[in-house]
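Per Swiss-Prot, transmembrane segment is recorded for 79-99, 112-132, 141-161, 165-185, 199-219, 262-282, 300-320, 327-347, 349-369.
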Amino acid sequence: MSAVKLEAIVCHEPDESELSHLSDNGSKTKNGVVFQLLDQKSSEHRWFSERFLRWRRRYLPVDGDNRRDHGSVKQSGPLVSGAAYCISSCSMIILNKIVLSSYNFNAGVSLMLYQNLISCLVVAVLDISGVVSVEKFNWKLIRVWMPVNVIFVGMLVSGMYSLKYINVAMVTILKNATNILTGIGEVYMFRKRQNNKVWAAMFMMIISAISGGITDLTFDAVGYTWQLANCFLTASYSLTLRRVMDKAKQSTKSGSLNEVSMVLLNNLLSIPFGIILIILLGEWRYVISTDVTKDSMFWVVATASGFLGLAISFTSMWFLHQTGPTTYSLVGSLNKVPISLAGLVLFNVPLSLPNLFSILFGLFAGVVFARAKMS
C-alpha cells in the first residue's frame with residue numbers, strides 16, 4: 001500500500017493543504033486517509049486521521065479512574081506516537097524505493113496490487129477478530145465511490161513509477177506541487193480564500209522545484225513526468241474525496257462510513273483495476289519470468305512495505321489523537337527532512353551543492369506553507 005494512502009490508504013504523505021482546509025472549517029476533519037506514497041497516500045492519511053479523532057472523542061470519553069490512568073501516560077504518548085508515525089512513513093518510502101530501484105523491479109502496478117491485497121487481508125482479519133468494525137458494502141456505495149477509486153489507483157501507480165526513476169529527496173520536493181494544485185482547487189471548487197502567506201509559500205515551492213530539476217544530476221524526464229502526474233492525481237483525489245463523502249455516507253445502511261471501511265473499500269476496488277493494468281501492460285509475463293521474484297528477501301521487503309502502508313494509517317490516527325492538527329501538520333512537514341536525507345545517504349545519490357540548496361529550500365518552503373495554512 002503506497003504512502004499516499006490513508007497520506008496514503010497508501011503510496012501516498014498526507015499533504016498540509018488537505019488537513020489545514022479541514023481544520024479551518026471546524027468540525028470538518030480528515031484521513032490520509034496516507035503519501036502518498038507517502039506520499040502518495042498523504043492527503044488521505046490526514047483526512048481520515050482527523051475523522052478518527054472526532055470519532056474517538058465522541059465515543060471513547062476518558063473520565064474518572066480512566067482519566068487518572070490516561071494522565072500517567074499522557075506525557076509519553078505524543079512522543080511515542082509521533083516517533084511511530086515518522087518511522088513508519090519514512091520506512092514506507094525507503095522500502096518502495098528499494099523494491100523498485102535496488103531490486104530493479106519493473107512492475108510498479110504489480111507491487112501496488114500486492115500491497116493492496118495485504119491491506120485487505122489485514123483489515124479483514126481485524127474485522128473478523130472484532131478489533132475493528134467494517135461497514136457492509138453495496139452496489140450503490142461502490143458506484144458512488146468508483147470515481148474516487150479510479151483516481152486513487154492512478155495516484156498509486158504514478159507514485160510507484162516516479163519513485164523508480166527519481167531520487168527520494170527530489171520526489172519529496174516535487175510533491176510540494178500537490179499543495180499548490182490543491183490550494184488552487186480549493187479556490188475554484190470550494191471558494192476558499194488563501195492568504196498572502198500561503199501564496200508566498202506556494203511561490204517558494206515553485207522556485208525550489210524548478211531549481212531542483214535544473215540542478216538534479218540524476219534528472220530523468222520520464223520520472224519527472226510521472227511525478228507531475230502523481231501531484232495532479234493526488235490533488236484531484238483530495239478534492240474529489242471531499243465532494244463524494246456525503247453521498248457515500250448516504251449510500252450505506254447505517255448512514256455513516258468509518259475510516260477503516262474507507263481503507264478496505266479503496267484497496268478492494270483497486271484490485272480489479274490492478275489486474276486489468278497488469279494484463280494490458282504485460283507485467284504478468286515479467287513477474288513470472290524475472291529472477292527477482294525468486295529472491296526470498298525481495299518478498300520480505302515487498303510484504304513489509306504492504307504492512308507499513310497500514311501502519312502509516314493507524315499511527316497517523318494515533319498521533320493526531322495524542323496531539324492535534326497543528327502539531328500533526330508541522331511534524332508532517334518536518335518529516336520530509338529525514339526522508340530526504342535518508343534517501344540521499346542510503347542510495348548514494350550524486351549531489352551538487354546547488355541541488356542540495358534547492359532541496360533544503362523546498363523543505364523550508366513546505367514548513368512555511370504548513371504554518372501559513374494554520375495562521
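Just so it is clear, glycine is given a Cβ too, placed from its N, Cα and C backbone atoms.
Touching of the transmembrane segment (165-185) and the transmembrane segment (300-320) is ruled out by the presence of fewer than three CB pairs under 8 A, sequence neighbours closer than 6 excluded. Just going by CB pairs under 8 A, the stretch in 79-99, 112-132, 300-320, 349-369 that sits most against the transmembrane segment (141-161) is 112-132. Contact count against the transmembrane segment (300-320) (Cβ pairs under 8 Å) is highest for 79-99, out of 79-99, 112-132, 262-282.
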